[in-house]
Every structure is written in structure tokens, then in C-alpha cells.
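Q: Just lifted these from TrEMBL, have a look:
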- ASP36: active site (ACT_SITE)
- ASP36, GLU223: Mg(2+) binding site (BINDING)
- 37-41, ARG49, HIS53, 81-83, TRP85, ARG87, ARG204, 210-212: substrate binding site (BINDING)
- ASN84: active site, proton acceptor (ACT_SITE)
Amino acid sequence: MTYPSVITTDNSRKVSPLPKDLDRLRMPEHIAVIMDGNGRWAKEKGLPRTIGHTAGVEALKTTLHLCSNWGIGALTVYAFSTENWSRPSEEVNFLMTLFESVLKRELTNLKLEEVKINFMGDLDPLPIGLKDLIKESVESTSNSKGIHFNVCTNYGGRRELVRAAQKLAERSVKGELDPSLIDENVFASELFTASEVDPDLLIRTSGEKRISNFLLWQLAYAEIHITDVLWPDFNADTLAKALLDYQSRRRRFGGV
Ligand code: FPP
């Protein structure tokens with residue numbers, strides 16, 4: 001086990017026991033999630049897309065809490081992709097403001113629940129207020145002993161790979177790294193996920209069957225669970241179903 005198992009110290013919510021049909025010994029260590037379908041969820045209800053994102057935050061809080069309680073070591077979510085800037089500016093601005101207000105509001109709870117938060121992606125173009133809060137939340141939870149919660153923000157898998165290649169090239173040019181010694185481990189050490197094991201399970205909501213530039217390197221051997229449920233409706237039952245599906249697979253990592 002790479003991640004320490006933690007008894008939650010959260011006193012703001014009830015502890016959620018692991019559903020009986022799940023095998024505690026065969027839980028994924030790391031779950032990655034593409035939280036898709038906020039817009040469609042809102043549209044179905046005749047509401048603006050932004051309400052879908054607000055509802056998506058509640059589904060994320062529930063998922064993080066459950067993963068923490070059910071012994072998952074790391075949860076990595078796709079909050080904002082490098083391609084999401086092409087959405088209407090009102091929606092982009094709404095999302096930035098939402099991230100900031102949620103972080104501000106939830107930081108105390110995240111600390112209580114021993115969550116270690118990290119942000120993955122190119123954070124430079126984010127609004128200054130959000131960047132400051134990200135810095136504060138990462139620093140103030142850096143010694144947390146619980147679940148690793150990675151929020152991919154202005155993240156793109158291809159961009160991450162190019163960035164890693166650039167970093168390795170720079171080290172080689174400076175004479176710090178012999179190019180012939182670059183192997184998979186050295187390469188992975190330059191990714192945002194350097195301190196994580198690769199995800200065992202990828203969950204994508206809203207029925208889309210794509211990876212969409214998410215964790216291209218890290219998902220090489222992940223089991224993929226796709227559900228038609230729209231992200232704001234994701235809850236304990238749908239997470240348990242994804243985990244049951246995962247536990248029904250025989251992972252072969254290319255072997256027989
Ligand atoms: C995809 O649904 C969802 C997003 C691009 C945003 C996800 C963000 C959250 C759930 C909030 C996370 C908050 C924090 C603080 C990390 P979509 O808009 O693409 O839905 P659609 O495909 O139905 O249009």
C-alpha cells in the first residue's frame with residue numbers, strides 16, 4: 001500500500017461505511033475522474049449551465065468524502081482543461097469564481113478531513129485571487145496524512161508530456177542528466193503526478209467514451225468505468241457501482 005490508511009478526523013460529516021458488497025482489500029489506490037455532464041444536467045432541468053457546475057461541486061465534495069472514508073489513497077479530478085478556455089467567457093469566469101469561492105469555503109473542512117490538496121496544470125493564466133488561494137491551500141495541507149486530492153486545472157495531457165520533455169532536455173543541456181539514462185521512471189518524475197502511483201481506475205460520467213487529453217501517460221493500465229449518470233447526480237451508489245465494476249476486472253498489465 002503506497003498511501004497510509006487514515007481514520008477520518010472529520011467531525012462535520014458522518015463517517016460513511018464501506019458498502020458490504022465491496023472488498024476492502026481490493027480497492028483501487030488511486031481513482032481519476034472526468035466529471036462530465038454538468039451542462040446537460042442543468043439543461044435537462046431548464047436551468048443555466050452554471051447551476052450545473054454549482055451542483056457538480058456538491059457531487060465532488062461527496063465523492064472526495066466517500067473516497068477518503070473508503071480507503072482510497074488518491075483522487076484526481078479534471079476540473080478545467082486547456083481546451084475549456086474556448087467556452088463563452090461568462091462560463092469561464094463563472095468557473096474561476098466558483099473554484100475560488102469553493103476553496104475559500106471548504107479549506108477548513110479539507111484540513112479537518114486530513115485531505116492533502118494539490119493542483120496540476122499550468123496555473124500561470126489563472127486569476128490572481130485563485131492562484132493565491134491555491135498556494136495557501138496546497139501549503140496549508142502539505143502535511144495532511146489523508147487522501148491526496150489532485151485538481152487538474154488548466155491541465156492538458158499532451159501539454160504535460162511536452163513540459164516533461166522540455167524539463168529533461170534542459171537538464172541534459174546543462175549536463176545534469178545523461179540522455180541515455182532517461183527511462184520511464186525518470187520521465188514520470190517530471191510529470192505533475194510524480195509523487196502519485198498511476199490511477200488504477202478512471203471514471204467518466206455522462207456516457208462519453210473518450211479520454212479527452214486527461215492523464216495520457218498515467219492512464220496506460222487503468223481500468224475504465226463509464227457511466228451514463230451526469231456528474232451532478234454522481235453519489236455513493238454510483239461510486240459503489242464503479243468500484244464493484246473495478247473489482248470484477250482481472251488486471252493483467254499486458255500479461256496473460
Ligand atoms: C464538465 O461538464 C465539467 C466541467 C468542465 C467543470 C467541472 C468542475 C466542477 C465540477 C467544479 C469543481 C470545483 C473545484 C473547486 C475543483 P460540462 O460543462 O462539459 O457538461 P456538458 O458536457 O454536459 O456540457
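Quick reminder: no glycine exception, Cβ is built from N, Cα and C everywhere.
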Q: Cβ under 6 Å from ligand 1: which of the binding-site residues GLY37, THR82, TRP85, ARG204, ILE211, GLU223 qualify?
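A: Near ligand 1, sequence order: GLY37.
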Q: Using Cα coordinates, what distance in whole Å links TRP85 (substrate binding site) and GLU223 (Mg(2+) binding site)?
A: 29
Q: Measuring Cα to Cα, how many Å separate TRP41 (substrate binding site) from GLU223 (Mg(2+) binding site)?
A: 26
Q: Ranking the recorded positions ASP36, GLU223 by other Cβ atoms within 10 Å, which is at the bottom?
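A: Sparsest of the recorded positions ASP36, GLU223 by Cβ contacts within 10 Å: GLU223.
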Q: Out of GLY37, GLY39, give me whichever of these binding-site residues has the highest number of other Cβ atoms within 10 Å.
A: GLY37
Q: Least buried of the recorded positions THR82, ASN84, going by other Cβ atoms within 10 Å?
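A: Counting other Cβ atoms within 10 Å of each of the recorded positions THR82, ASN84 gives the minimum at ASN84.
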